[in-house]
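Okay, so TrEMBL annotates it like this:
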- 614-690: domain 'Smr' (DOMAIN)
- 178-212: repeat 'PPR' (REPEAT)
- 216-250: repeat 'PPR' (REPEAT)
- 251-285: repeat 'PPR' (REPEAT)
- 286-320: repeat 'PPR' (REPEAT)
- 321-355: repeat 'PPR' (REPEAT)
- 356-390: repeat 'PPR' (REPEAT)
- 391-425: repeat 'PPR' (REPEAT)
Amino acid sequence: IDYLDESGSVIYSGKGIRSVEPGIDDHIVVGGLRKPIPNVSAVSKIVEIVRRWRWGPEMEGQLDKLQFVPNMIHITQALKIIDDGDALVSLFRWSKRQSWYLPSDECFGMLFDKLNLCRDYEGIQAVFEEMVDDLDEDSASVSSASCNRVLQHLAKAEKLEVTFCCFKKIQEMGCELDSKTYNSLIALFLSKGLPYKAFEIHEDMEKEEGRRSCLDASSYDMMIPSLAKSGRLEASVKLFSEMKERGYRPTPVIFAALIDTMGKAGRLDTAMKLYMEMQGFGLRASGATLVSLIESYVKSGKLEAALRLWDDMKKAGFRPNYGLYTLIVEGHAKSGKLEIAMSLFTDMEKAGFLPTPSTYSSLLEMQSASGHVDAAMRLYNSMTGAGLRPSLATYTSLLTLLARKKLIDVAAKILLEMKAVGYSVEVNASDVLMVYIKDGSIDLALRWLRFMASSGVRTNNFMIRQLFELCMKNGFYESGKPLLDSYVNAGAKVDLILYTSILAHFVRCQDEENERHLMSILNSTGHRAHAFLCGLFTGPEQRKQPVLAFVREFFRGVDYETEEGAAKYFVNVLLNYLVLMGQLNRARCVWKVAYENRLFPKAIVFDQHIAWSLDVRNLSVGAALVAAVHTLHRFRKRMLYYGVVPRRVKLVTGPTLRVVAARMLGSMESPFEVSGVVLRATGDAVMEWFGKPMVQQFLLNEIPSRSEILMHKLNVEFPCSAPEVRSLAPPKPLIGRRNL
């Protein structure tokens, strides 16, 4: 029995005559009157027991011995006072086992709030699971507020997995979530770097009726940038418009994110519109926002707009950073706006920024491409002076510029510096050599080649051959000899085309000194065609076989699958040479074997009794004359031996060889008449012409001395030759050219 004073304080406690029975002794006596125990006293008693015992059987035993029957109001009020998480959960679980227990949203809410203050999130999860297990369909609506509190507390504590698990269970229960809860969930997933999960929750929120505009200002601040950065630009713009409709003022963070993403996506008009709208709200764009917008305009090639923004940025007091300087300088350089690029480059250096190698390279390469040697060299010297290593492309462009400007000494200096910093210079040196070759600067090309040799820089056989052919073309035969020796000594083989080109120069040569150089070059080739040419002018005793057999043996060694074109070229040049040397018999042997090997398969056509024709359009002058003589001889034999006379005989010459063939046949009083690019005659007239003795001797290659004028006629067709030396006394040059 407790004796209390008027204030409720205990005056004296003594042992009664029996144990307290709850429900019977739940009162106090004031005088002779019984009064129920005040709620304050009941709550304080419950709190006293819980604070003393905290948890376990002892606490539950003491609670079972209470002289009054508690109710949910007592439990809820006690929960407000208790501060220990374990004690809170223990008291709640004890009350659940009592007969008077009723699920209360207020009780759950208070418990969750107190556990949140105690940071007992495991307790919140445990109580929530118990609540879910105990709920039935009728009480689901009562628990909505509690469910919202659970999600809000867990989301604020950034318990991602637990929050998501509870969210899914609440969705399955069909509880209605409020705007604050949705905003908490969205903020949680965005802060954890899961924007797409936040977007899903936002979509779920919008599906519910009346939830389309429930985001708060902080959620807008997080959702719009996240949508923009994830590439969902349309959704971010839509949410941005919704935000303004609801009266929220967009923050600089939202504007910065939208401007940045729109610019990077190439939607520059939208980005600029947002930038202007931002200024309309009285907001000042940050330096990062201006940098992003300028970068977008530069990368899209809209340099004028970028420069306007650049000026706005400087007027606003922002200092362009290193990366922005680099980007805008390189952008103008690559666009060919060198004056602006160099002005910005100067500003960059004045601002204390050291340009990157790529900045130097872009400027230097564009200056080189524009042919500005002085500006390019200044940039190069500035770059190397700053301790930066030029790139391979930079060296290549600079060397190309110097080569085109024929500054060979400067190019040599740059190449040696390039070699000193560790680059392989063989390709670049060969490129410079090719520039001189294409330009036809033989002296510079030879000088550069000597520099390469003295510096230990090797070139390839292709370049040597190109330079050799250039020397041959321009008559630098003395300089060409060492090039050919170098070409052969490097392991390269002189092919039939190269040998034939040298022979063609020899055929056209008029100077005896140059002839000696060319003979030496021909001998240095080591090609089998040279041995054939030498053997062709020797006697049968030395050859040990007739001319025709000797020619056939040479042409059997030709690979017609890979060298057919080269063989045709060789035959044309060789026949030119043989005709000029007066060796018509040898020339006819070469033509006969060439025709046998089908090098000119469509040259001769026998159309039975209608027309016989010879097509010499694809032949050289000498080859055309030899082919005409040899083919007319065949026509004569066919007419005489077989008695076959065609209606007409044609020589298809084309515009180039028409005059040559007409002069040759005209000197023999032939019946052929010129008709366009064809020489025509009737078969009977040709048959009668074949009967003349002079024609017979001409076709059999038995030209009488009185007909030597014919060879003079042939020499007229070779204006680059020396007719007095080559046609009047053909045997003498043969002796002098045995060394071929």
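Note: Cβ is positioned from N, Cα and C throughout, glycine not excepted.
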Near the repeat 'PPR' (356-390), which residues from the same chain, at least 6 beyond its ends, have a CB less than 8 A from one of its CBs?
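Non-local partners: 326, 329-330, 333-334, 336, 338, 341-342, 345, 348, 397-398, 400-402, 404-405, 407, 410, 414, 417-418, 421.
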Mean pLDDT for the repeat 'PPR' (391-425), as a whole number?
91
Give the nonlocal contacts of the repeat 'PPR' (286-320) in its own chain as ranges (CB under 8 Å, at least six residues past its ends).
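Sequence-remote neighbours of the repeat 'PPR' (286-320) are 252, 255-256, 259-260, 263-264, 266, 268, 271-272, 275, 327-328, 331-332, 335, 337, 340, 351.
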